[in-house]
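Enquirer: Sharing a structure below in structure tokens format, with a few things to ask.
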Amino acid sequence: MTELVEFSLGALVLLPLLAAAVVMLIGHTARRVLGVVTAVVTAGFTVPVVATVADGDAPELVLGGFTAPLGITLRGDGLAAVFLAGTALIAVVLTVFAALVPAATGEHLTPSGWRPGHPGFWPLWLGCWAGLNGVYVSGDLFNLYVGLELVGLTAVALVALGGRKSWDPALRYLFIAVLGSLLFLTGVGLLAAVTGTLDIAQARAVLEEVEDPTAGLLALSLMTVGLGMKIALVPMHRWLVPAHSAAPAVVSPILSGLVIKAGLVILLRVWLWAVPLVAEAIWLAWLLGALGAIAVLVGSVLALRQDRLKPLVAYSTIAQIGYWFLAFPLLVTEHDDAGAAPGAYSAIVALAVGHMVAKGGLFAAAGYLKLRFGTDEIARLRGAGAQYPALILAMGACAVGLIGLPVSLGFAGKWQLATAAVGAQQWWVVVVIAAGTLLAAGYLLRGIAPLLLQAPQESDHQLPDTGDETAPAAAGSKTRAEGAGELLILLLGVATIGTGFLGSWIYDLLGVGLW
Amino acid sequence: MLELGFDAITWYLVISTAVLMFGMVRLLLVRDLVARLVALDVTGLGVLLMLVALAARSSDETGAQAAETGAAGPDAVLQALVITGLVIAVAFTGLGAVLIRRIEGAKDTEGSDSGEESPSTAGERDRDD
């Protein structure tokens, strides 16, 4: 059993990477088949790791027998298991969706013009998945950095698959993502210079004995700013909306659901595992908390003002990112109390995983609608619900998760966060949560409700290029594969509700291998 | 300025910080895309220079630790970071250059002959749905 678990731990990273290399060499239809097979097998490897962690063990794999500081160690603890499982779910659904609806993977240029579908999606997406899994299970800062870069660069290339309109946002994303990881690398270098090791556990042990916290604090600040850029915390959020809305239909949910979570996982690893400078870092935690509060409010208000569906969903991501940082002051100030800190920590993870599933579904639905109707302007999508009932149902279920209504992980996370805030007597956190929840209900209702309304009978203000009798006209009838794709999005909606029942299981799982 | 009492490694650290800051400021202020990419490269070089200097310093100061890890010269861990950083710098510069070329090409021609396609889109026989 242990051998299987150790093998799975390595395979989770190496299998998608290998498949990404192989998939570049084969034809376009074969890419879709191999992509789906890889996704299912990789998700299968997640099972033994998560099962072992659920039993209370934290499996570890020392690659090639070289031990730290020079060797590579993979660790599967509670945090890794939760994110591995969530990622496997989203990744399998989105991979099958991309295989069924190739047009969702972007568009590519041929001698006869732009054609839907981009075969470059497959190697990039599998490489991105390998990077994500690498970030989750990595036991040292060096591999965290490599995984972060792999995820970042493939994500930029994935955005660029969306054709000419997506190149400018992709380049902007590249600048910010690389600058962020350079700052992170500087922090890693400082830590390594102080401690002489890159292994997270060893670095922590050395840092606990160093009296002068300045170097550790500087490293922590640099890494936090760099990761803040990659996660799009509020003053550094401007790149996210164009990149996530210009990306192809199946890439937006990958970016919003998975890629920014890689930054969050690394941030948690650094704050809770690598750098035990809790007392000295309180001001930084409060700064993050304040920025998080601003993100929740500003992101929600900006989402309310959008006229198009994909930017609306993208601004909602900025607001949701705010909740994770809102919990940071609680995480640190209550650290030595041992009571409230796990509450704030599991609140962050529950909110992040809930967001992963719900935003994956919502962005996939929004992208699919844009694909079918050629536009994502909410006014012109009026009445689309009549043709796509399953899609609208999925969007409703995802909205439940994003607003934080019971039963969903969004609700469980907000509940734990509010409980931790009351325990620490930080009432302003509760106020921000309440305001953010109300605003979220507002902007999601504004985005989804028009789809359910009766389509206007006479199309008086329609642009000539649609030329339709009932306002939103889908481009051609949908094939059977696309119908199955809709059901997959509905599956994500159902999962948004279903994972809500796992709140306490996740709380127990997170306790395994805690700092 | 040498009478400040800095040794060579400290000078390298100061220079690398200056390079890093210049690159970052330029990156955030300039609009031209190629200039931004170069500024990003300069920032990256500043970071790598700093890591090399730190590697040399930590082998100076903590000789005991270096002996423990079996590294005789400068800190091997930090040098491994630098090499990886170089590889990644090449990767992002290439990706950025391709994107800039496509953006500028599309602006110049507005036709379908803007830049080359990525190699992965060579044979196109994927239209059977």
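Sequential numbering from 1, following the chain as shown.
Here the Cβ of each residue, glycine as well, is placed from N, Cα and C on the backbone.
The following feature annotations were taken from TrEMBL:
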- A:138-438: domain 'NADH:quinone oxidoreductase/Mrp antiporter transmembrane' (DOMAIN)
- A:6-26: transmembrane segment (TRANSMEM)
- A:33-54: transmembrane segment (TRANSMEM)
- A:79-101: transmembrane segment (TRANSMEM)
- A:121-138: transmembrane segment (TRANSMEM)
- A:173-194: transmembrane segment (TRANSMEM)
- A:214-234: transmembrane segment (TRANSMEM)
- A:246-271: transmembrane segment (TRANSMEM)
- A:283-305: transmembrane segment (TRANSMEM)
- A:312-332: transmembrane segment (TRANSMEM)
- A:344-369: transmembrane segment (TRANSMEM)
- A:390-413: transmembrane segment (TRANSMEM)
- A:425-445: transmembrane segment (TRANSMEM)
Enquirer: Between the transmembrane segment (A:121-138) and the transmembrane segment (A:33-54), do 3 or more CB pairs sit under 8 angstroms, pairs being 6 or more residues apart?
Expert: yes
Enquirer: Restricting to the same chain and to residues at least six past its boundaries, which positions have a Cβ under 8 Å from a Cβ of the transmembrane segment (A:246-271)?
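Expert: Tertiary neighbours of the transmembrane segment (A:246-271) are 79, 83, 87, 90-91, 94, 97-98, 101, 103-107, 118, 121, 125, 128, 131-132, 135-136, 141, 144, 147-148, 151-152, 155, 158-159, 161-162, 165-166, 168-170, 180, 184, 187, 200, 220, 223-224, 227, 230-232, 240, 281, 310, 313-314, 317, 321, 324, 328, 331-332, 345, 348-349, 352, 355-357, 359-364, 366-368, 370-371.
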Enquirer: Determine whether the transmembrane segment (A:344-369) and the transmembrane segment (A:6-26) share at least three Cβ pairs under 8 Å, counting only pairs 6 or more apart in sequence.
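Expert: Since fewer than 3 Cβ pairs under 8 Å link them, the transmembrane segment (A:344-369) and the transmembrane segment (A:6-26) do not come into contact.
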Enquirer: Grab the same-chain neighbours of the transmembrane segment (A:312-332) for me: Cβ-Cβ under 8 Å, and only residues 6 or more beyond its ends, written as numbers and ranges.
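Expert: That would be 231-234, 237, 240-241, 244-245, 252, 256, 260, 264, 271-272, 278, 281-282, 285-286, 288-289, 291-300, 302-303, 306, 340-341, 343-345, 347-348, 351-352, 355, 359, 362-363, 366, 378, 402, 413-414, 417, 420-421, 424, 426, 429, 432-433, 436, 439-440, 443-444, 446-447.
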